[in-house]
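S.K.: Here you go, one structure.
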Amino acid sequence: MPENETTAPSLENLLHETRAFPPSPAFAAQANAQASLYEEAKADRLGFWADQARELVTWSTPFTQTLDWSGAPVAKWFADGKLNAAYNAVDRHVEAGLGDRVAIHFEGEPGDTRTVTYADLQREVSRAANALTALGVTQGDRVVIYLPMLVESVVAMLACARIGAPHSVVFGGFSADALRSRIADAEAKLVITADGGYRRGAPSALKPAVDEAVGPKDGEPASTVEHVLVVRRTGQDVAWTEGRDVWWHDALEHADTFHEPVAVDAEHPLFILYTSGTTGKPKGILHTTGGYLTQAAYTHKNVFDLKAESDVYWCTADIGWVTGHTYVVYGPLANGATQVIYEGTPDTPHRGRWWELVEKYQVSILYTAPTAIRTCMKWGEDIPAGFDLSSLRVLGSVGEPINPEAWMWYRRVIGGDTAPIVDTWWQTETGGIMISPLPGVTATKPGSAQVALPGIVADVVDDEAHSVPDGGGGYLVLSEPWPSMLRGIWGDLQRFKDTYWSRFEGLYFAGDGAKKDEDGDIWLLGRVDDVMNVSGHRLSTTEIESALVSHDVVAEAAVVGANDETTGQAVVAFVILRGEHADRASTPEGAEEVQAELRNHVAKEIGPIAKPRRILVVPELPKTRSGKIMRRLLRDVAENRTVGDATTLADSSVMDLISAGLAKPSASSED
Ligand code: WTA
């Protein structure tokens, strides 16, 4: 295993607890996916995808080519076809007579609600598309969306798709600085935001961050942004720049409810989504239209067994993450689903809020993250027991490995011991689900994502790229191109090649460690690179280190992800302070003050999600002779383990120094 060896539980321990849950015959009989799907895809993989693309997507110009891999690793799928993603998500359902079907049951955190039918959505998206056009946005222009979870967020994304303007959604929890760098990288022409949103019972502001992000700053010129479109959500006061800022409701009020969607090439960029990589600079992951939409619809239909006419689907992800793109917006809407969108947190105003919503809307398919499940476990099963959850029939998990205990709890307490669980492995880069059981087909195992979907080829390989035998471990790779694969990193083809395609010749390297069990099923074991996974959010150790060293008091910093019972991993930072500040931190109060300053600094540079849980002030960092920080040893310290083999350190006494220094109590924080 590599230097950044994963610290996930061993396969032996996992398997020890394993039993498989075969699908019930009743479920299997009515399931969308049948075992024959694997055979079909295996017999003719490209033909299989072409069939999916024709069946699930409506093309304004049908494609004749399926895959063009001549420009590898940049794929072209269905390249001579034309389509519009918003038309596929909305209009075609209205044309099919389903205009009165509810697309979105919106529930605001304060309890306000809104029901949006597909016909409503068509009018609203058309208006927004006309409004964007009136503000000068044309095909190919980039639009940054920085919004809470609102109906308008979905409308904004679809309006961009409708006019062929790639959107780049930035999670509302990112700071002004993070927003600024993403706007600059994408050279966005317009930003869509809100005055604020409701979170934990109070309005929180968004617009000030946009004002800071788009204006001139520290000698840097103002951004490329010409207009800021502002949704009024909370009614709080906002600063206003005349000529630049426009209220969403004003712009839409004057806009026509008819808009002709623009037919774009299958390979036209649909969106850019920034995600953390192993270096400090976030990567703009580029997705295009035809292949992405095909895989979004295909996976949503088969992995969740969606029956659009009867199911109520709820994915709890924020649109700021890829799960919100593929499984709140494009997949469910392409399939004509009825879904719930909830603005707030699971514990506001009480810890049963999610289950109350499941009962209220009769949710039948729930898709969420292991962190949320573990948090609910901690709160106790009597909370969900107070609600009628019998409508649930499929449960999904995504974002991080799910431990068998959480899996079993999810199945028993939330799923009434009957609903199949689909543990879905995928990434921002893959665009859609890649490895997952199929409900009704796969006998599920607690803690394993198990098998590549029909049409997908995944493997676990060793350092020499050899496929490991059953029972072996190594790195997860994807061996064949897939329709919703990333088409590159925005503006940086070389980085795209280096990051994903240089580790193993001809194979996509996902960055995850994995093992195969005796049945050949795949178990994901966490990242093997410098990417952490905190509450299902991807964070880069390097990015947080850069944020820390950009503060005056820090001379050097090293960040690790330490195992955490609830959040999967927690950010733990080791810092060396500059001379005079080291003195300041030598008293417990002084240390606490410095730690608080640094935590706030990281929140400002990146966002509150990246704040280190613990900051440990140390005299030295463990380095190899070539100067590489040995994070493995720091992780041992962060997880209170005996420090492992330190013989390759340039100075082997460093770990003693660090351990001795840490014997003193040090401040830590929980939020
Ligand atoms: C991790 C989220 C284990 C993995 C869709 C991956 C998972 C990273 C799972 C991508 C899962 C996601 N089991 N690990 N079911 N799903 N991961 O880009 O490390 O935010 O590489 O996409 O999350 O995170 P991203």
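The backbone N, Cα and C atoms fix where each Cβ goes, and this holds for glycine too.
TrEMBL annotations: computationally assigned, not manually curated.
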S.K.: In TrEMBL, the residues Gly399, Glu400, Pro401, Asp423, Thr424, Trp425, Trp426, Gln427, Thr428, Asp512, Arg527 are said to bind ATP. Which of Arg393, Arg411, Arg503, Arg538 is said to bind at that same site?
M.R.: Arg538
S.K.: Looking only at Arg527, His551, Lys628, the recorded positions on record, which one has the least crowded Cβ, with the fewest other Cβ atoms within 10 Å?
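M.R.: Fewest other Cβ atoms within 10 Å, among the recorded positions Arg527, His551, Lys628, is found for Lys628.
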S.K.: Out of the binding-site residues Arg199, Gly201, Val549, His551, Val554, give me the one sitting nearest to Thr428 (ATP binding site) by CA distance.
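M.R.: Result: the closest of the binding-site residues to Thr428 (ATP binding site) is Arg199.
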S.K.: Ten-angstrom check, please: count other Cβ atoms within 10 Å of the Cβ of Pro401 (ATP binding site), all chains counted.
M.R.: 27
S.K.: Express the distance between the Cα positions of Thr424 (ATP binding site) and Ala202 (CoA binding site) as a whole number of Å.
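M.R.: Distance (Cα to Cα, whole Å): 33 Å.
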S.K.: Rounded to a whole angstrom, what is the largest C-alpha distance between any two of the residues Arg199, Arg200, Gly201, Ala202, Thr323, Ser535 that the record assigns to CoA?
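M.R.: Roughly 26 Å, rounded to the nearest whole number.
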S.K.: As a test of reading the model: what is the averaged pLDDT for the domain 'AMP-binding enzyme C-terminal' (543-628)?
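M.R.: Value for the domain 'AMP-binding enzyme C-terminal' (543-628), mean pLDDT as a whole number: 92.
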S.K.: Which of the recorded positions listed here (Pro401, Val549, His551, Val554, Lys628) have a Cα atom within 10 Å of the Cα of Thr323 (CoA binding site)?
M.R.: none
S.K.: Out of the binding-site residues I have (Arg199, Thr424, His551), which ones have their Cβ sitting under 6 Å from ligand 1?
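M.R.: Among the binding-site residues listed, those whose Cβ sits under 6 Å from ligand 1 are Thr424.
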S.K.: Distance check, please: Cα of Pro401 (ATP binding site) against Cα of His551 (Mg(2+) binding site), rounded to an integer number of angstrom.
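M.R.: On Cα coordinates alone, these residues lie 34 Å apart.
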